[in-house]
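Read through the structure below, which is laid out as structure tokens, and then see the notes.
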Amino acid sequence: MAFSDLTSRTVRFYDNWIKDADPRVEDYLLMSSPLPQTIILGLYVYFVTSLGPKLMENRKPFELKKAMITYNFFIVLFSVYMCYEFVMSGWGTGYSFRCDIVDYSQSPRAMRMVHTCWLYYFSKFIELLDTIFFVLRKKNSQVTFLHVFHHTIMPWTWWFGVKFAAGGLGTFHAFLNTAVHVVMYSYYGLCAMGPAYQKYLWWKKHLTSLQLVQFVLVTIHIGQIFFMEDCNYQYPVFLYIIMSYGCIFLLLFLHFWYRAYTKGQRLPKTLENGNCKSKRH
């Protein structure tokens with residue numbers, strides 16, 4: 001009886017909550033309910049932390065050089081496209097970089113932003129291949145809690161962003177992230193091409209700097225909300241989530257920077273058997 005009552009309450013809560021969702025995204029893939037993505041992400045976590053390493057335990061690492069080169073440069077091109085779409089749907093065509101609320105209209109620009117937000121959300125599922133490649137190549141030391149957490153929480157939280165607030169100032173971090181990914185995945189693609197291309201990777205330290213700048217800009221941009229009394233952004237809870245996420249990763253990268261470049265400890269080699277060792281965010 002108690003379980004039945006709890007179930008009924010949960011269903012009523014979900015129905016009351018979901019009625020405020022943006023109807024424009026109802027027919028997009030994975031957007032009808034959070035359940036499909038939760039299942040996918042649950043299977044991902046199970047595979048990369050348990051099943052995958054067990055299956056690979058007595059097997060030789062897969063040689064995935066061509067697949068990784070193709071994958072990384074595909075992400076570069078996809079990120080260029082998404083960055084351009086973010087610019088054309090708001091960030092370069094009218095957004096003020098301050099209190100930009102969500103446009104829920106059916107205007108071409110608003111619908112373009114909706115589509116771009118969904119593309120960014122979907123790209124996070126493609127990027128799960130980062131970890132799967134680690135597992136298949138038996139690079140289990142790179143499958144850290146931070147890595148898996150990042151790749152799991154990003155698509156899961158972005159489902160709610162697309163479902164309720166596809167646009168406005170809450171998308172700045174996505175716009176910035178697509179630009180950063182163009183540089184990052186270019187680096188990973190060159191890494192995957194082998195030792196012959198190591199001479200082109202002298203800018204590894206600047207890659208970490210770029211990621212730090214990304215988190216600083218995201219934190220500053222979202223932090224403006226505390227100083228704008230008349231900002232009527234529709235879902236401020238998303239801004240708190242974004243700011244918390246930005247602050248967490250800013251601190252983590254500052255720690256990495258201090259340990260690697262300031263304290264004087266040696267960095268992991270840029271290449272190990274032709275493959276990169278680097279943070280991916």
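The backbone N, Cα and C atoms fix where each Cβ goes, glycine too.
Of the cysteines listed (C231, C247, C276), Swiss-Prot assigns C231 as the disulfide partner of C99. According to the topological domain annotation in Swiss-Prot, K163 and W203 sit on opposite sides of the membrane. Counted as Cβ pairs under 8 Å, contacts with the transmembrane segment (143-162) are highest for 116-136 among 28-48, 73-93, 116-136, 172-194, 237-257.
Under 8 Å from some Cβ of the transmembrane segment (73-93) lie the Cβ atoms of residues 100, 109-110, 112-113, 115-116, 119-120, 123, 126-127, 167-168, 171-172, 174-175, 178-179, 181-182, 185-186, 189, all in the same chain and six or more residues away from its ends. Sequence-distant contacts of the transmembrane segment (172-194) (same chain, at least 6 residues past either end, Cβ-Cβ under 8 Å): 65, 68-69, 72-73, 75-76, 79-80, 82-83, 86-87, 91, 97, 117, 120, 158, 200-201, 203-204, 207, 210-211, 214, 217-218, 221-222, 242, 246, 270-271, 274-276, 278, 280.
Within the same chain, the residues at least 6 positions away from C99 (disulfide bond) whose Cβ sits under 8 Å from its Cβ are L169, Q224, I225, M228, D230, C231, N232, Y233, listed in sequence order. Beyond the transmembrane segment (237-257), the same-chain residues lying 6 or more positions past its ends with a Cβ under 8 Å from any Cβ of the stretch are 146, 150, 153, 157, 160-161, 164-165, 169-170, 173, 208-209, 211-212, 215-216, 218-219, 222-223, 225, 279, 281.
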